[in-house]
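Student: My structure is below; once you've seen it, I'll send some questions.
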């Protein structure tokens, strides 16, 4: 069933491949031997050109060419320049003017718009603006200019394909403040930033530029082993982190921490819900710890193999396929998604309660293995029967037929599907064994009907693989049209070669991209392990599980801060362009959070009250209900005191209110051991510091949901800004993985906000501050400490730090809103007594506290708008 649906998804692909192959003959019929440009008619042209180099505050230097040509009407093609852009005469004339005898596809420069053409009675004027980026040491062509960024100096030449023998009226070079040397020394004017030539032949323009080390270093490192080693260090550090967390977090260990409350009484233990029993399953074939260790070793090994030992230019497509297909199958089988995980017969069930059928795992394994082997066999069939598809043994044909391209597409889809399936299998294994979907419909469906689950999952993965392929094909067509925009009749052989190369490289390019994002599985594994341990003492919301520690225990704390570092902290390294330092940034963010928690353990509200107070006043559901009632009385007394000061006393006297407030303070004092507790800690502060839920995990989940939705506008703002950058926009629209990368960024931004909220909720009781906004600020400060180093690196590398500042400001705003809504959730039982949430919020924070909070949020909004405007203008 799964295979049938998968093959159905391939039918549109066959039509697509056949159409792509059918374009060649049609174009071949339109192709002619060439054109006569009659260049002698251009000798009376008036030409001016400008080259502008922009490198200050840019990670990627940009070259902009602005050339204006005034063509006399005696040139036979002059009138054709005024025709429509799609007419063959226009393309022929513009090609003769701009490219001469060059093949159009040889140039990959960019243009914001088509050349601007204006005509008079005596001439036709054409203004052509093009731009390009210096991303490597390869020569860069832009308009009539050529820039060779090789070695310690960059060479700038004016080498136009046409008009070489015409004296150009004005030539200007703006080098953006860089030092330069006019090699021919024929410039008419030379300043610190500009060189100007007048009435000069093009070959007399030769300039040597001294770029700063900030521009040379990224290109050198990008083409060296250091960049690969830096990225590999990220995988090694992530794997080491999983190993340490898995070995420290023993499932059987009680999730206790500083300030843990007393153990529940035996009668309370008996009241625990059987559905939320601990997930540690005695007699499991493979423990969760072993699962994590297996993933740590496999992920690091596969990443290092892809980065260091399987470069694209070392092996043929056949060799890549023979390596990647068995590797994908091995990763699926190593994941063992049929493992029993946390599922078991509930404790306390009757003797006749049916356990999971003994053959359930066998049916799951057979369904997964059958689908995996069938898909892998399809790919291997293309390799073995390459002659049937008209492909050479190495599968690297320069030109192929439509059926041959279908075979390459099928092979690529098979390989990508297998690796997608491997990642999905590992994700399911983590979620299943960690209990993230414990008791959900999906797990029951997997137990009862695994064949159907495999069919649905396989079809979804096939749809994703086809979508990736369509993106790569669409980008290839866009690029082909862009570089051949002046071709009268595009060369069908060249187009066929470009298609064949894209089809052959599809699976390798997308595999590297896919596995580059498999670190998200590491985050899922950490979250699953955290859930696994948090459930060891029971699920939140049940009577037997109301006495919990303030926050995660030491092993759980490592998992929590690691999640924050993975999804939030490393953003600073990305904005700094320091991808090679991801491993270092991971450690810096973890250390920053630990430093913050060292402060919080000493100065947080609940920590200062001590364990005896928490044992007496926060031991159970009734105790916390009493606390919330005392907090409500405290708010009412303060409100009445405020009315009394304004002359609206009613029937209440000041002495009565003072007595009431003193009684509430005594309620705190009587449970406090030692000296009197700090006077400034009230029952309202205690209620807000505890949060809306009984268990820190439940606080974390609630905060994560809030932050996810509050972060949606922030994600839209960040994505909109990135779309304004021309280099990022062109990468998204013309890179084979550009659109998938764009979607991945959207998802990761949202995951980042959710994880930041999760961390805030998990550490809610450990963070210092009487008001929730203070906790949000402190957690943002933990992100900001490494971000300061990132900003220093950005400043050192002469790039723009404002995107980093924008992200930090948005993170603070999202966490601030999340903390305010956490306060509302703490007193959600009173929501029905208030006409609006704002009234309840005003009651919680009182007028003065709310005004300070509103002012603080408005200041954040002003900062975000200011930074965003400076970025977009």
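Just so you know, glycine gets a Cβ as well, placed from its N, Cα and C.
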Student: Ranges 539-556, 557-574, 611-628: which does TrEMBL label transmembrane segment?
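Tutor: Per TrEMBL, the stretch marked transmembrane segment is 557-574.
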Student: Looking at 340-359, 480-499, 580-599, which one does TrEMBL call transmembrane segment?
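Tutor: Comparing 340-359, 480-499, 580-599 with TrEMBL, transmembrane segment matches 580-599.
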Student: Between 254-282, 283-311, 370-398, which stretch does TrEMBL give the note region 'Disordered'?
Tutor: 254-282
Student: Checking feature assignment: transmembrane segment per TrEMBL, candidates 189-210, 365-386, 629-650, 651-672. Which range matches?
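Tutor: Among 189-210, 365-386, 629-650, 651-672, the range TrEMBL annotates as transmembrane segment is 365-386.
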Student: Determine whether the transmembrane segment (365-386) and the transmembrane segment (451-475) share at least three Cβ pairs under 8 Å, counting only pairs 6 or more apart in sequence.
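Tutor: As far as Cβ distances go (cut-off 8 Å, pairs 6 or more apart), the transmembrane segment (365-386) and the transmembrane segment (451-475) touch.
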Student: Which residues of the chain, 6 or more past the ends of the transmembrane segment (406-431), have a CB below 8 A from one of its CBs?
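Tutor: For the transmembrane segment (406-431), the list is 6, 10, 13-14, 17-18, 291, 295, 317, 321, 324-325, 328-329, 331-332, 335-337, 339, 341, 368, 371-372, 375-376, 378-379, 382-383, 386, 388-391, 395, 400, 437, 457-458, 461-462, 464-466, 468-469, 500, 503-504, 506-507, 510-511, 514-515, 518, 521, 524-525, 528.
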Student: Taking 451-475, 511-530, 557-574, 743-764 as candidates, which has the most Cβ pairs under 8 Å with the transmembrane segment (804-826)?
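Tutor: Going through each listed stretch, the top one turns out to be 743-764.
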Student: For the transmembrane segment (557-574), give me same-chain residues lying six or more residues beyond its boundaries with a C-beta closer than 8 angstroms to one of its C-beta atoms, as numbers and ranges.
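Tutor: Distant Cβ neighbours of the transmembrane segment (557-574) are 238, 241, 244-245, 248-249, 257, 519, 522-523, 526-527, 529-530, 533, 551, 581-582, 584-586, 588-590, 592-594, 597, 700, 748, 751-752, 755-756, 758-759, 762-763, 782-783, 786-787, 789-790, 804, 807, 811.
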Student: Can we call the transmembrane segment (743-764) and the transmembrane segment (451-475) in contact, meaning three or more C-beta pairs below 8 angstroms at a sequence separation of 6+?
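Tutor: These two segments do not touch.
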Student: With a Cβ cut-off under 8 Å, give me the same-chain residues at least six positions beyond the ends of the transmembrane segment (580-599) that come close to it.
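Tutor: Sequence-distant neighbours of the transmembrane segment (580-599): 221, 226-227, 229-231, 233-234, 236-238, 241, 557-558, 561-562, 564-566, 568-570, 572-573, 759, 763, 766-768, 778-779, 781-783, 785-786, 789-790.
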